[in-house]
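A.B. asks: A single structure is presented below for examination.
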Amino acid sequence: MLNLTCKIQNYDWGKIGLESEVAKLIDVGGHANVDQQAKYAELWMGVHPNGPSFTSEGQSLADVIKSQPAYLGQHEMGTLQFLFKVLSVRKALSVQSHPTKAQAKVLHANDPKNYPDDNHKPEMAIALTEFQLLSTPELLDFVERTEEGKKALAALCETSGAEQKSALQTIFSSIWKQPESEIVEAVRKCGERIGTKSEKSDLDNLMIRLQNEYPGDVGVFAPLLLNYFTLQPGEATFLGPNQPHAYLFGDCIECMACSDNTIRAGLTPKFKDIETLANSLEFTMSGPPYFVSKEVGKGVRLYDPPVPEFAVQRIDNNAEKLSDENASSILIVVGGQATIGGSNPNKGCCLLEAKRGAVIFLPADLTGFSLQNASSDFLAFRAYTPKTN
């Protein structure tokens with residue numbers, strides 16, 4: 001078992017100082033000193049070149065794995081297949097989606113600067129605090145939803161009597177491809193109309209918030225097209241390829257295929273690839289895409305999405321052992337403390353004290369994992385690549 005020091009990402013949307021769960025974890029976990037004025041957005045755990053993890057001896061986890069093939073299961077194909085993260089969101093992330101594997105190869109070949117990987121990026125978010133987000137087109141005609149939809153957006157597009165799926169794709173493309181000056185004016189008018197309302201809905205307040213965070217940005221209209229919902233701690237969502245979404249506020253665990261490819265179209269000062277996003281989005285309409293975990297052992301719940309690269313376990317103080325997965329895994333302790341034990345036929349038994357903020361690499365050649373002396377507030381998450389039959 002290896003203690004890891006992990007990469008911090010100080011993106012502009014991150015929470016500030018110790019308001020950030022990321023900052024709290026890196027502070028108590030000894031990953032870095034916390035600057036109370038800095039923004040702490042993400043903690044990356046894994047081997048991705050944009051944010052590699054290191055052992056306590058200063059060796060990169062990627063190099064350790066290369067030198068110790070037994071640390072991985074054969075099905076892991078020589079490297080970690082996932083990227084594990086903690087996110088702390090202060091203001092909205094971009095309206096975005098992630099490409100399929102085939103799309104990623106083309107995007108990377110044509111534009112490696114903006115698409116640094118040739119891999120897809122399905123991802124799962126598990127809430128640590130109340131976590132607000134937008135995702136998946138909603139099953140209704142947004143023009144009939146609000147006066148803002150009728151008045152402000154009517155200036156940007158015309159809808160026909162087509163079926164909702166085709167209509168929504170037409171609406172999205174029409175709005176996002178308008179000249180910037182027209183978008184800015186429509187956003188302004190929308191804000192004025194909402195401002196005159198004596199009673200504002202949650203949706204109204206969200207649109208005002210987005211307008212304040214990203215003035216004149218077309219992404220302000222995203223709540224009229226996508227489900228707006230809140231995950232409670234322990235609840236999860238899975239976001240597959242070409243599924244539009246935007247994280248809005250809160251803290252979460254996130255796991256994904258090992259990729260940093262993002263197609264952005266709004267709520268961001270970064271590069272926007274509206275044409276690619278509009279042409280690739282999956283416009284399957286539904287309610288909020290909750291992903292339900294299942295209990296797989298005492299004190300252990302499994303989040304097992306329909307992709308081969310990753311699964312995540314939630315482990316609390318009631319757990320007495322961890323499953324043998326014949327795969328490497330990364331475990332982060334987000335609450336309390338416990339002693340983790342494991343054994344290797346050639347190296348014997350080992351024990352490791354794991355406290356809040358600790359990030360631990362568990363090699364595939366260790367088995368018989370035990371959890372001992374767990375405090376009442378112990379909580380950890382473990383990511384790994386499942387072995388399929």
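Quick reminder: no glycine exception, Cβ is built from N, Cα and C everywhere.
Bear in mind that TrEMBL entries carry predicted annotations, made automatically and left uncurated.
This is the feature table in TrEMBL:
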- Arg264: active site (ACT_SITE)
- Gln96, His98, Glu123, His245: Zn(2+) binding site (BINDING)
- 1-135: domain 'Phosphomannose isomerase type I catalytic' (DOMAIN)
- 156-226: domain 'Phosphomannose isomerase type I helical insertion' (DOMAIN)
A.B. asks: Quick check: which same-chain residues outside Gln96, His98, Glu123, His245 lie with their CB within 8 A of the centre of the Zn(2+) site CB atoms?
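C.D. replies: Those within range, site residues removed, are Ser97, Lys121, Leu239, Gln243, Pro244, Thr262.
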A.B. asks: Between C-alpha atoms, which of these binding-site residues comes nearest to Arg264 (active site): Gln96, His98, Glu123, His245?
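C.D. replies: When the Cα distances are compared, Gln96 comes out closest.
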A.B. asks: Going by DSSP, give the three-state secondary structure for His98 (Zn(2+) binding site).
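C.D. replies: Where His98 (Zn(2+) binding site) sits, the three-state DSSP reduction gives coil.
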A.B. asks: Ten-angstrom check, please: count other Cβ atoms within 10 Å of the Cβ of His245 (Zn(2+) binding site), all chains counted.
C.D. replies: 23
